[in-house]
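Trainee: One structure, as structure tokens, below. Some questions next.
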Amino acid sequence: MSSSTLQQIVDTARSVAREVIMPHFLTAQRNQKDDGSLFTVVDLAAQEALIERLPRIIDRPVLGEEMPESVQLRLWHESEDGIWCIDPIDGTTNFVNGIPFFGVAIAYIQGGRTRYGVVYNPMTDEAFYAHEGGGAFLNGNPLPLRTPARHLMDAVAGVDFKRIPKALGDALATQSPFYSQRNFGSSALEWCFIAAARLDVYLHGGQMMWDFAAGSLIAAEAGARCSMLDGEALDMAPGRKTPVVVGASADLYREWMDWLSAHGGR
Ligand code: IPD
Ligand code: CA
Ligand code: CA
């Protein structure tokens, strides 16, 4: 575990974004997966580049979003000694629509825990990164960048309504307990916005492991608290959709969780 390892991961995310992803921003053609979600040849090319480069840093296999689920499951079941988990472009809908908000997410997982997490936003050249126990940073600056709101009523909330139970979605829309709400379209970066306290609380109804593996470590190292909607710890495995509840501080998490539980969250 070393800061030079972390720096190499950041450098890899930045170089893949610059060399493989950004030359195709605004020109990439969309394709549709069996589940209806979008991907482009750029997602595949970025995944290939990361599969080639990350094992040069730590020589373990890479599990990528764009692999068949059968391959992901096999890799995951062989991962006790460590595995990379990547989302080559998080925010593909933004990427193909020309909305300048997407990122490269890289996690290194060992023993079921994320040990290194890096999320890179090529549009702003912002690298968010952490290693377990070492704090979280944005381009060298310790996170969070500001003090989170003290109370939910003052909070800026990231709420992605995808897969949120109907009763809870209705309550969020009609009796919102926070000051203001956003949904940026890149889960990995939204976790980093919690880490920076650009967002105070966050909710997503069902994320895949590559959506949260990197960002959840970065947020935790910045002082955030999180769980699934039922209060249990986040659970990583391919093929599983995990609802996430996050607060930029322990107090905010508790207040957010209490409100969600009282309004159809469990
Ligand atoms: C998606 C984004 C989006 C979230 C979806 C994810 P992708 O990831 O993070 O914000 O709402 O649940 O699948 O497909 O762009 O990698
Ligand atoms: Ca994603
Ligand atoms: Ca993706």
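One-based numbering along the chain as shown.
A Cβ is built for glycine as well, from the same backbone N, Cα and C atoms used for every other residue.
This is the feature table in TrEMBL:
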type	residues	note
BINDING	Glu65, Asp87, Ile89, Asp211	Mg(2+) 1 binding site
BINDING	Asp90	Mg(2+) 2 binding site
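Provide an account of the burial state, proximal residues and distances for the features listed.
Mentor: In the structure as shown, the Cβ atom of Asp211 (Mg(2+) 1 binding site) sits within 10 Å of 24 other Cβ atoms. In three-state terms derived from DSSP, Asp211 (Mg(2+) 1 binding site) belongs to a helical segment.
Cβ-based neighbour count (10 Å, all protein chains) for Asp90 (Mg(2+) 2 binding site) stands at 29.
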Trainee: Specify the secondary structure state of Ile89 (Mg(2+) 1 binding site) as given by DSSP, simplified to three classes.
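Mentor: Assignment for Ile89 (Mg(2+) 1 binding site) reads strand.
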Trainee: Test of understanding: give the count of other CB atoms lying within 10 angstroms of the CB of Asp87 (Mg(2+) 1 binding site).
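Mentor: Result for Asp87 (Mg(2+) 1 binding site): 32 other Cβ atoms within 10 Å.
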Trainee: Round to the nearest Å and give the CA-to-CA distance linking Asp90 (Mg(2+) 2 binding site) with Asp211 (Mg(2+) 1 binding site).
Mentor: 7
